[in-house]
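Noted in TrEMBL for the protein shown:
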ACT_SITE  Ser173  active site, nucleophile
ACT_SITE  Asp254  active site
ACT_SITE  His286  active site
DOMAIN    127-286  domain 'Alpha/beta hydrolase fold-3'
MOTIF     84-88  motif 'HGGXW'
Amino acid sequence: MGGWRDMSAEALEDQYSPSRWSPRLDRDTIIDAHLAVTAAGTERARASAQTSLHVPYGKGDGEKLDIYFPTDHSGTFPVLVYIHGGYWQCLSPQLAPTAPGPHSLSASLFPSKDESGFAAPPLVSQGVAVVAVGYDTAPRGHMDTMVLQVRRSLAFLVEQYPEIRGIYLCGHSAGAHLAAMVLFTDWTEFHVVPDIKGAVLVSGVYDLEPILHTYVNDALNMSREVAQRNSPMRHVAPAVPAACEVLVVVAQHDSPEFRRQSQEYSQALRAAGWSVSLLDLASVDHFDVIEKLSENSYILTQVILNMISRA
């Protein structure tokens with residue numbers, strides 16, 4: 001198979017339509033099912049953990065954090081910062097196509113921080129705080145703005161919560177892209193340097209150029225320059241001694257293009273001297289690969305806890 005540039009428009013749309021590739025559910029129901037699972041998991045987390053919800057880290061409507069504190073947070077504690085996916089955009093029912101095609105976006109709201117606390121229970125029980133980051137998705141938000149917002153959210157956490165000892169990024173899909181962009185931040189302008197000890201990048205997109213040629217860019221309205229400026233693949237820098245550990249995760253039932261992007265990004269990091277592992281998870285798709293973080297026994301939950309315990 002040739003590269004993405006050799007694909008037909010229809011084939012490229014398929015490759016960047018994650019709901020097309022799940023063997024569990026059809027493309028018309030899987031996103032709604034995903035939102036239902038993560039929303040229910042977040043409700044359980046909020047009922048069982050001490051929380052601070054909708055904490056503003058800036059003036060934008062989307063610039064808010066949900067914080068789930070560990071069971072015992074009398075001293076210092078590590079924090080997992082979770083960045084949700086949803087193709088960087090929000091589509092309300094009013095904006096949904098009247099006659100959805102095979103690649104149209106779901107008429108449901110896309111994920112937000114309000115459905116992003118589902119992973120908290122197994123972590124807070126082991127002394128790890130979880131922070132779900134909100135950001136202004138398209139069409140309100142621009143790609144440059146989203147990247148800046150996530151960076152600013154980390155600076156805010158460092159300034160406001162001195163008891164944090166070590167930050168671990170975890171992003172899913174578009175959130176994995178944003179987490180990867182954080183790794184190559186010049187923190188000078190923020191006047192703080194977050195102690196990022198690890199990054200878990202789940203089923204992400206690290207080169208945005210193919211996205212320009214799909215339905216995904218209808219709301220994002222990215223130019224080629226914007227896509228290149230915000231592509232982690234184009235900004236891999238040589239690892240410094242303080243560089244964090246990176247885990248790139250891909251699902252068996254992610255599309256071949258998603259799998260290629262994960263493989264090539266992990267290879268680029270390794271070539272630049274980063275401590276990076278590629279975890280290829282069997283029997284999961286683009287959606288339950290992250291949903292299962294609500295389970296104590298899930299392999300990725302255990303890998304994350306082991307990463308934090310080694311620090």
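Using the three backbone atoms N, Cα and C, a Cβ is placed for every residue, glycine included.
TrEMBL labels come from automatic prediction, so no person has curated them.
Keep in mind that what you see is a predicted model, and the values were worked out from it rather than measured.
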Spatial separation of Asp254 (active site) from His286 (active site) - C-alpha basis, Å: 5
Pairwise CA distance, Ser173 (active site, nucleophile) versus Asp254 (active site), rounded so that it is a whole Å: 10
